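Features of the protein shown, as given by TrEMBL:
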- C92, C106, C109, C115: [4Fe-4S] cluster binding site (BINDING)
- G145, K146, G147, G148, V149, G150, K151, S152: ATP binding site (BINDING)
- 73-97: region 'Disordered' (REGION)
Amino acid sequence: MGKEDKMTSKRNLFISLDDDKQNEGFRLQVTHGVPEPKGRGCKILLGNRISPSDLARTARMLCRREEEGAINPSAAMENGGGDVPENANDHCPGTQSEAAGKADACAGCPNQQICATAPKGPDPDLLAIIERMNTVKHKILVLSGKGGVGKSTFSAQLSFALAEMDHQVGLLDIDICGPSIPKMLGLEGQDIHQSNLGWSPVYVESNLGVMSIGFMLPNPDDAVIWRGPRKNGLIKQFLKDVDWGEIDYLVVDAPPGTSDEHISIVQYLQIAGIDGAIIVTTPQQVSLIDVKKEINFCKKVGVPVLGVVENMSGLRQAFSDMKFVKPSEAGETDATEWALNYIKEKAPELLSVVACSEVFDSSKGGAEKMCQEMEVPFLGKVPMDPQLCKAAEEGRSCFTDQKCSASAPALKSIIKKLVKTK
């Protein structure tokens, strides 16, 4: 195929298929407007095992995705899919070069780490991922800068809430080394089944399916000691082999930080159309420092930040659920029964009061102020609620009863904002 083989969408999206002898495959180039030799575009390497008809079908998919506003060719190019990112150093070897991120010219480049760790060369699985993800309307990443901020809890409750709104939902756990999603959805001990359509998700309800490496471990206490390439291979397999069917939302629970898993999931999902990322944090500065890095990662690779959630934003607990201790030189003794009886007798109205306490220092404005500075949306605050923690431990939704009276309304408000923007 030569450069004269072009397809044009209604919005002047030009697709060209070029022989790539150096990499023994084809290059599929996506550009806007009139294609010029120096025109910016998104080049995706497809292996030479792909037939011309499959290449044409991929091009049509990309045209449709671009018309829907799901593809940002410039961003995809900066994410390892193109030749030279806009903010690259002089003499950049190109993101698909074996020297990408390793050459002398790469020193100091803001893209160096991404280029050095991103997969290189022809990728025959890309078409399979595009076709599989074509049945998913919305794809949302849930990220965090640090571990332990409640990211997986938020992912689980977001999925529960979307399913209860009668959406078809999939929850994909790509935290390879610390898969906690099976526990948080009450699916421990479940197995993955295969069919001629691929891997079948494990279902909580008929409209809520889950996939995690946690279902593959012979023993839930087994450690997953894998290097980056093996993690990336499993993430790719999840994307191309799991049969989600026609679903409205795919929620992807990622590990904390900006590591190989994040680079892989963004690279594979970007061309299929990704809605954006939700970033979960706690109010204190030690967490917000890393959240800023997460936001910059998203901006660099072209993933929209849908918003930031401030989790554990102060403790909220019903007075009647609190425990009391009486300290002494010998230690502490439980005084809960005495204290509650005293309150019932002397001030019964206190039993309907909710106690509030700032656990983390938020004197510098917390996540809301950081969002203003970073110019990203702030979705809201979720208080630290012991009942929410209990729901996560028991693998159930916090919305089905009135126990999570402190956290459930806050989560509902945040989720309504997300659905409204979709």
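Keep in mind that glycine also has a Cβ here, set from the backbone N, Cα and C atoms.
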- [ ] For C92 ([4Fe-4S] cluster binding site) and V149 (ATP binding site), determine the Cα separation and express it in whole Å.
- [x] 38
- [ ] Enumerate same-chain residues with a sequence separation of six or more from V149 (ATP binding site) and a Cβ-Cβ distance below 8 A; give 'none' if the list is empty.
- [x] P256, V280, T281, T282, S287, N311, M312
Task: Between G150 (ATP binding site) and C115 ([4Fe-4S] cluster binding site), the C-alpha gap once rounded to whole angstrom - done: 30
Open item on the list: With Cβ-Cβ distance below 8 Å and at least 6 positions apart along the chain, what are the contacts of C106 ([4Fe-4S] cluster binding site)? List them in sequence order.
Closed with: N89, C92, P93, A99, A100, Q112, C115, A116
TODO: Would you find the one among the binding-site residues K146, K151 whose Cβ has the most company, meaning other Cβ atoms within 10 Å?
DONE: K151
TODO: Quick one: among the binding-site residues C92, C109, C115, which has the most Cβ atoms sitting within 10 Å of its own Cβ?
DONE: C115
TODO: Report, as a single number, how many Cβ atoms besides its own are within 10 Å of the Cβ of S152 (ATP binding site).
DONE: 27
Task: Residues close to ATP site centre defined by G145, K146, G147, G148, V149, G150, K151, S152, Cβ within 8 Å - done: S144, P256, V280, T281, T282, S287, N311
Open item on the list: Are there any residues at least 6 positions away along the chain from G147 (ATP binding site) with a Cβ closer than 8 Å to its Cβ? List them or say none.
Closed with: G178, P255, P256
Open item on the list: When you rank G145, K146, G148, K151, S152 by Cα distance to C109 ([4Fe-4S] cluster binding site), which of the binding-site residues ends up on top as the closest?
Closed with: G145
Open item on the list: Around the [4Fe-4S] cluster site formed by C92, C106, C109, C115, list the extra residues of the same chain whose Cβ is within 8 Å of the site's Cβ centroid.
Closed with: P85, A88, N89, P93, T95, A100, G101, A103, A105, N111, Q112
TODO: Could you tally the C-beta atoms, other than its own, that fall within 10 angstroms of the C-beta of G150 (ATP binding site)?
DONE: 21
Task: Listed in sequence order, residues with CB under 8 A of G145 (ATP binding site) and six or more positions away - done: P256, G257, I279, T281, S287, L288, I289, D290, V291, K292, K293, E294
